[in-house]
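The block underneath contains the structure these notes are about, expressed in structure tokens.
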Amino acid sequence: MGKAVFFTIAVAALAALLGHRIVNFRKMALANREVIQKNLHNCVTLKNLDYGSEDITILGNGLAFISTGLKYPGLPSSDEMGRIFYLDLQDPRLKPMEFRMPRNFDLESFNPHGISVYTDPRDDSIYLFVVNHPHHQSQVELFRFVEDDHSLIHLKTIKHELLHSVNDIVAMGVDTFYATNDHYFSHKILKSMLEPLLAQPWANVVYYSPTDVKVVSQGYYFPNGINISPDKRHIYVVDLLGHSLHVLERKENNSLASVKSVAVGSLCDNVEVDPETGDLWLGCHPNGWKLLMFDPKDPPGSEVIHIQNIHADQPVVTQVYADNGQVIMASSVAAAYGGKLVIGSVFHKAVVCDLK
């Protein structure tokens, strides 16, 4: 009798603990939040991007690089191969085109996630860094962009045990970068089942160079987007489940020191930085629960957050766009150029709108 009572109590306690963790995770995912529409002018859907546009970054001449076809565990995706597109924002046709990829690169397993571009000041060569998840692994592909025929030359694949769950990346040189690990665990079951329920700030940011790889910042629930200030002195990290953007100061040894955290009120994904103004643009998920429990009849919405004066005592955080999923589902990135705003998504499509 005693064993039966003990077993019953143990099961009840475990159920109560599990229920509490689920309730807590729903709160972090903003499960009860409803989207109030906030539109921009002249929004048009971009062609050829029907399988997501998870990350977008724009060069100073208006050429945008776009990753598409991400297959992320637990989220909707297609059977289409991953691809990299480019979009000339100075061309009024606004037609994304696919990059020519090298023959020596494995396209069948290509699963692109975060991207970053680096321009070498020595010769103006442009390098594209792509987070890749072939067979649900994590590695970084390094390409050189050939402008004459809009092709990519694959230079090398970067792997390291510390780069075990990479989400996004910001290039610092021709073969150096900072990257976010969005999970603490590397095992598939632990990272997809246990970690969300525990919801502990264990994840980190890693610095990589050919001679030095190290964890440089930690204490995040789900570090996602990462980028750098125009003066190269600060790194910005988005903590999706922490509903915050972290400002970090770079040190001489490439470590990062926390400066402050700015609340954004949403589950923000990637962050892009305006090179002229230093403004930050974030593509966000207003209700993460709808994204995880995907229902096409009640789709996950989209949101864009704009942060001005990020280094001031009181940064200005503004919601500039919100949609209930009827126009674009699951926005993951927003990038501004020449009075236009390009909004990408995890698995849906991409739109471009006028900011004024």
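Backbone N, Cα and C atoms are what each Cβ position is placed from, and that goes for glycine too.
The record in TrEMBL lists a disulphide bond between C353 and one of C43, C268, namely C43. Counted within 10 Å of its Cβ, the other Cβ atoms near C43 (disulfide bond) come to 16, all protein chains included.
Other than D55, I115, N167, D168, N224, D269, N270, the residues of this chain whose Cβ falls within 8 Å of the Cβ centroid of the Ca(2+) 1 site are, in sequence order, E54, H113, G114, V131, T180, G225, I226, V238, V271, S332, V333. In sequence order, S67, T68, L70, P112, H113, G114, N270, S332, V333, G344, S345, V346 make up the list of same-chain residues 6 or more apart from E54 (Ca(2+) 2 binding site) whose Cβ falls under 8 Å from its Cβ. Taking only the Cα positions, the spacing between N224 (Ca(2+) 1 binding site) and C353 (disulfide bond) is 24 angstrom.
If you measure from the Cα atom of N167 (Ca(2+) 1 binding site) to that of C43 (disulfide bond), you get 28 Å. A separation of roughly 22 Å, to the nearest angstrom, links the Cα atoms of C353 (disulfide bond) and I115 (Ca(2+) 1 binding site).
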